[in-house]
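Everything below concerns the one structure shown next.
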């Protein structure tokens, strides 16, 4: 215990820092920054990493400053934040449900957000294809959808005072399918213009992000992450099962409700701004668990960093592969994520 | 001295009662074993003593206070329960698991006090799993894993420890090993131990107090020497048996009759038996 961890104690305040986790989180943070710098340089105007750094601190050419800071920076920050939020949301669900197959998209949270988003677009688009309501309200619509579906699935899966993983995944898949069907229906009945817009949103895209959006989502994600750190120890206890959590003096139902609220808020926030980026919430926490183990104090930041990097990487691929055409990030995350899900199903079945 | 007491306690799931109007006293500083046939409600009773199950009626008192009216965190500092075959998440190390036992003493800003460190060290030492502390729980053998869970329970630093079938799925060597460990904790530190045990003979050997559960209530309770008789075993388990003396420690030992097998006389042990008589 002595050489692998060191305690920090100050009066009543005390923490235990795990050295390995500390190094891994530092390394991943560094890698994430490198990846973002590379990504900032990629596009129709290629900028070298050194020039990118110069531009970030406002020392590049006027063109470089404009491209890096105004065009590319917001979308890359959004990729990072949305990926991190989805990953943390998945990490919470996997701990809460004690099942590696749980994730915000598989149990329908993303689908719920999609449904309310298309409903919003359909209702507030007039005959001349203009939105009658400010687009700024769109994230709120998505968020409400995510939260409503999240809790619907949770309560439907509830039986005899507990939730079995099998029941939850099954009901989640069912509710997600119903939400998808309704989404398609609304899109077909709605105006064509909004359908096209909705399709891009549904796949998940960070194209055309502006700083206003970052100013909304960043405090949201950071705020919830902070609360999540307070709840990390409760989540650790939850993962040992209901009986042990009760034994330890935890108010299990109350904490479950709170954790589900945190999870849907994170997923809802991400989906609201970046759309239905698939499978990050499943893959990232799972990869993080392989790297760092399952104690949530470390698992949460590692999942967040891994999730953010997956989306930034998917965005790089989306911009590079078919230049000048741009492919939404969600296409690539789903391309890797779907086989990963099948692999997990296969492995857990054995 | 009593550690836990129930008053008119009724337990059940949905409409069906498993335990009805039970008054039971668990003696302090002793080892108590619950015995009874499958589904008789002994695990249910154990759970309710640890407030994992809400009573349908009646109450459970811990140190003279109704547990329903005591803060759950305060109870967690007096009483710990180890459920039957608990599951650790994949990748959790032994040390991380044992540290979780400190939960009732911690808060979000007070996560690793000196007392926490001492209690975890003690639990690792006394259960003899210090050398495995960095291994993951799922990589351990059955016996080591059970020790890790017991270590977590010990880290909780409670006077009363409840265990639901702590020896299930273990081979005989490890069953004895775990029961010896619990017995040492009881003798050297005066901890009250309450457990559900399936093996009647081990229950007789290790328990000071046996509670036989049958017909939604306690059929009989007391010291094994006094209460274990063929009549009791027949009433509680519906099994015909002889009760003899455990040749190692003198506790009562039950040898069941069976339909198929009878003394053949040709066997080595039977020959010894004949000589001895």
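Glycine is treated like the rest: Cβ placed from N, Cα and C.
Curation plays no part in TrEMBL annotations; they are all automatic predictions.
Listed ranges A:21-47, A:48-74; the one TrEMBL annotates as transmembrane segment is A:21-47.
The list of residues near the transmembrane segment (A:291-313) in space but at least 6 beyond its ends in sequence, with Cβ under 8 angstroms from a Cβ of it, reads 18, 20-21, 24-25, 28-29, 31-32, 35-36, 39, 76, 79-88, 90-91, 95, 206, 225, 228-229, 232-233, 235-236, 239, 274, 277, 280-281, 283-285, 329, 332-333, 336.
Highest Cβ contact count with the transmembrane segment (A:137-156) among the listed stretches A:76-97, A:106-125, A:214-232, A:325-346 falls to A:106-125 (criterion: pairs under 8 Å). Between the transmembrane segment (A:257-279) and the listed ranges A:76-97, A:168-194, A:214-232, the one holding the most Cβ pairs under 8 Å is A:76-97. The transmembrane segment (A:214-232) shares more Cβ pairs under 8 Å with A:76-97 than with any other stretch in the list A:21-47, A:76-97, A:168-194.
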